[in-house]
């Protein structure tokens, strides 16, 4: 603990403010005789600014997903009037994006292994652009669906590959922060979609929704510039046998030549155990106990992120606010903008805290908070329906609990879902396992989005959110039982947390290291 106190400045604020519970094993330099054998830890450098920039650029595709989710919540109001679609068609139009994007996520695993993480990011943007253009000029519901299906494939590819790419270029001490970037870009995209709804809602009814959808093409155009700037993943380069290229990239994203060599050695050792894509799928279908525990954690977090109803709330927030007593379209759209601002603000907080506080504490805060907000929302809507709650109070509680929901979601399970999914699997399984996780995530999202209106019609809006609250309560238990703390571990070392033999599975707490050393020097101490 003495070394930890020194690293944290010897005070409680210092300990709370440090980036991770453990010093990275590849950031700790060997003891030097002249300073009494003390442990010296490297500081940051320009490499971290470079990794920051690459992480931002790689996350731009996630603006597309967020924008589509946000803008559709308002578009659907005007599409329904212009194209005269039914409620079932409305559910299909909204929910199909999630289902079709899972095909993109599954394809992205093999694609990113074949052509690289970098060019898969570009492919995702191109496919989305084509789909968005078709939707913008769609003359009928069938053409609108065709464009939405194509856009969904592009989104599915994009949301899978970016977290993998970021985790593979980031140092362990900052991986949680950088791997959270995709979620903040989704939140930013949702906010842009809400603002677009409000800004263009005054246009003629047959034009406004087309302008809203067409504006989504603009962020994807920037991906062409991104491909000229970001490097390829060093882990993918090693898997292709391009060691010189991998070494050059690691030199840019590491704090010195020594760290670059250490990271290259770790990647090479992990790559030796990497088989073909078919071998990876076979291992996932017939997992060892270690891989099974990883799958339970990774897939479970992906499922609960969506099963608690975030997409129902984002897609249908105007419906929720209308049920609480709001009447005009301008009020409904303005309230959704408030939701978007809340989501963006708290995702920024999460990015600051994810490597300081750790993954698991934030997941506890997030899941407990979501459960409370859903329960209060369900109760308030139920009381309003019975006439036991004044209309103004119901509107206030609806806005407060919906904003609270997205705040707790954004501070925990929203971004950490992506962080965990991209860091817990070994290199030989990473692309395929992350693809399966995102596929499950999109399937849960689509199931919620496509059934929400029907569920509300069957059990009321209050009943639907009571069910989401029950699922969220189960997620609290899941986090407690199945999610380990991964903050500060290298990607290869995390395997040891699930009972495997990682590249450096000997990384333990400093107190444990002292006890192990004592046992080595005094063999009979444990039996005495």
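Just so it is clear, glycine is given a Cβ too, placed from its N, Cα and C backbone atoms.
Curation plays no part in TrEMBL annotations; they are all automatic predictions.
Residues or ranges marked as transmembrane segment in TrEMBL: 50-80 (among others).
Residues or ranges marked as domain 'Major facilitator superfamily (MFS) profile' in TrEMBL: 54-487.
Away from its own ends, the transmembrane segment (92-109) comes close to residues 65, 68, 72, 76, 79, 85, 120, 124, 127, 141, 144-145, 148-149, 151-161, 277, 311, 315-316, 431-432, 434-436, 438-451 of its chain (Cβ-Cβ under 8 Å, at least six residues beyond either end). According to TrEMBL, the transmembrane segment annotation covers 92-109 (among others).
Look at TrEMBL and you will find 121-143 (among others) tagged as transmembrane segment.
What TrEMBL lists as transmembrane segment is 149-166 (among others). Within the chain, the transmembrane segment (149-166) has long-range Cβ neighbours (under 8 A, six or more residues past its boundaries) at 54-55, 58-59, 61-62, 64-65, 68, 96-109, 111-112, 117-118, 120-121, 123-132, 134-135, 175, 178-179, 181-182, 233, 418-419, 421-422, 430-431, 434-435, 438-439, 442.
For 178-195 (among others), the entry in TrEMBL reads transmembrane segment.
The transmembrane segment feature in TrEMBL is assigned to 207-230 (among others). With a cut-off of 8 Å between Cβ atoms, the residues of this chain six or more beyond the transmembrane segment (207-230) that come close are 53-54, 57-58, 60-61, 63-64, 67-68, 71, 74-75, 78-79, 82, 118-119, 121-122, 124-126, 128-129, 132-133, 135-137, 189, 193, 196-197, 200-201.
The feature transmembrane segment is assigned by TrEMBL to 332-354 (among others). Non-local neighbours of the transmembrane segment (332-354) in the same chain are 70, 73-74, 176-177, 180-181, 183-184, 187-188, 190-191, 193-195, 197-198, 201, 313-314, 317-318, 321-322, 326, 362, 399, 402-404, 406-412, 414-416, 419, 487; each lies 6+ residues outside the stretch with a CB under 8 Å from one of its CB atoms.
What TrEMBL records for 361-385 (among others) is transmembrane segment.
Same-chain residues lying 6 or more positions outside the transmembrane segment (391-413) and placing a CB less than 8 Å from one of its CB atoms are 183, 187, 301, 304-305, 308, 310, 313-314, 317, 320-321, 323-326, 335, 338-339, 342-347, 349-350, 353, 362-370, 372-374, 376-377, 380-381, 383-384, 475. Taken from TrEMBL, the feature transmembrane segment applies to 391-413 (among others).
The transmembrane segment annotation in TrEMBL covers 433-455 (among others).
Taken from TrEMBL, the feature transmembrane segment applies to 461-483 (among others).
For the transmembrane segment (121-143), the most Cβ-contacting stretch among 50-80, 178-195, 433-455 is 50-80 (pairs under 8 Å). Here the domain 'Major facilitator superfamily (MFS) profile' (54-487) has a mean pLDDT of 87 out of 100.
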